[in-house]
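**Student:** One structure coming up, written as structure tokens, with questions to follow.
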Amino acid sequence: MDSPTLPHSISASSSTPFASAAVKPHRNKLLSRNGILIIIAASCILLLLISLLIYATVSKSSRNHHNPSHQTPTSDDHPPPETPPSPPPIAQIRLACNATRFPDHCVASLSKPGQVPPDPKPVQIIHSAISVSYENLKSGQSKIQSILDSSAGNRNRTNIATICLEILSYSQHRTESTDIAVTSGDIKDARAWMSAALAYQFDCWSGLKTVNDTKQVVDTITFFEGLVNLTGNALSMMLSFDSFGDDVVSWIRPATERDGFWEKAGPSLGSGTGTEASLGFPSGLTEDVTVCKNGGKDCKYKTVQEAVDSAPDTNRTVKFVIRIREGVYEETVRVPFEKKNVVFIGDGMGKTVITGSLNVGQPGMTTFESATVGVLGDGFMARDLTIENTAGADAHQAVAFRSDSDFSVLENCEFLGNQDTLYAHSLRQFYKQCRIQGNVDFIFGNSAAVFQDCDILIASKHSKLEQGGANNAITAHGRIDASQSTGFVFLNCSINGTEEYMKEFQANPEGHKNFLGRPWKEFSRTVFVNCNLESLISPDGWMPWNGDFALKTLYYGEYKNTGPGSVRSSRVPWSSEIPEKHVDVYSVANFIQADEWASTTA
């Protein structure tokens, strides 16, 4: 508002009745009194105008104080129009997206105005890629819910949609944690969690393909293909950022060890630092509750699940220790996502036994749900017990132990089964001095897992379908993207057969072929380092999955193994000898960062 001006009739430059010296007051007393009245009236008017001016100024200031958006009005007192979003920084986006498997898809997803800030730092581009993945994940969850809502009466589709919703909730949580970890600079954690988020999305996509009998499902499958690519793009950027830092020009597309790409390594496997020996199950733990099969005055629970249910749901860092006394516990145990740092301590292998027999031969059963013990809560640990699935080999997939627990340690534990005994599904897991027994793909999943000083035993199938011999693969790793920080590492392990199986093998060695692994997914990764491989391992060492699938993209490595099954002269050409200068990549500290979370000191 413009400032008011004084009226010309009473301005300082105007003539007044009292301005002339020729006017004499004594000539007319009435006129003098009138002049005085005029002066008084003029003064009142002047004071009134000044008051109005002050009020207007203060009022305007007050409005500006309480309404910041009006602090800089235009000349006509209207607010300025909103500034449109800056155009996307295409050059920087293109550079970052060149480090992904799907660069064009990546650029398109990040080119919406305002999606990436002007002149962005590499971390800001990564954040934007995570955000795009997250928003599409939320849309995917809505699509799955719609499938579930429309699938009443269809058992298989209902089961798949239900499992999808469950694992996508884990994907959502891991994606949220990834974004926080990138901000705080914990890039190894970020990569581990985004690797899991991607695995869950892929698993849902794979499950949907088994029930693609409606247009709604087919369209959702197509949507999830795009989501998997978006998440993989974000993960690819994280890998390059971890390897090359802010120098985006140096970023490269995800590559494998066979391409000559090796991650940076810290302490070596044989450095004498004692790092490997000092990692494992913590000492000095005191039980919070005790489980006894037949009860007792010192035992609060009779089942393991009751004890798990009693653990607090808070995001605690203190371990909740469950002591499980000797006995055979016939039950299905689930450690849910909200139960963190749960610990099982038994009375020894073969003494404390948790047993079940769920398998995919049962109507509506899936591999994921068949586990005798399934763990989702982070920080899970176990020691001195046996977990088994007694379903026979002809029942096909029948999991004894399934883990999606990050920062997980299992020491001096036994896992018994046939096909798919140990499902190391996702995240970072450490198995030390364990005994793992099975026959077909009996260590499988898409986790980053290290097996140290373990006995790996091939068991007899007792199969009516495979009389006279069969092929067995120990591992089936499921890495789906080269940017995932996952794989199986076997350090100082013994690879042999059970006593019963070795009798069968020696009676008919040509009829029994045993392999270190086969590629379940395209970028399968498994290595054996300083292991003893007995004669039951076939000279070619590794087994194809189906034709030439994944043979150009997998990484199967060996280093300084011993025993009659370790000779590499007849190995398949798509396996590798690990260069000595790079073997430290697979240490417990480097591969799963166990030096940060698996100290033997409680």
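The backbone N, Cα and C atoms fix where each Cβ goes, and this holds for glycine too.
Checked Swiss-Prot, it gives:
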ACT_SITE  D420  active site, proton donor
ACT_SITE  D441  active site, nucleophile
COMPBIAS  81-90  compositional bias 'Pro residues'
DISULFID  C434-C454  disulfide bond
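Walk me through the surroundings of each of these features.
**Tutor:** In the three-state DSSP reading, D420 (active site, proton donor) counts as coil. The number of other Cβ atoms within 10 Å of the Cβ belonging to D420 (active site, proton donor), over all protein chains shown, comes to 28.
For D441 (active site, nucleophile), the number of other Cβ atoms no farther than 10 Å from its own Cβ, over all displayed protein chains, is 24.
Sequence-distant contacts of C454 (disulfide bond), defined by Cβ-Cβ distance under 8 angstroms and a gap of at least six in the same chain, are Y431, K432, Q433, C434, R435, I436, F490, C493, S494.
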**Student:** With every protein chain in view, what's the tally of Cβ atoms within 10 Å of the Cβ of C434 (disulfide bond), excluding that atom itself?
**Tutor:** 23
**Student:** What three-state class does DSSP give D441 (active site, nucleophile)?
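**Tutor:** In the DSSP reduction, D441 (active site, nucleophile) maps to strand.
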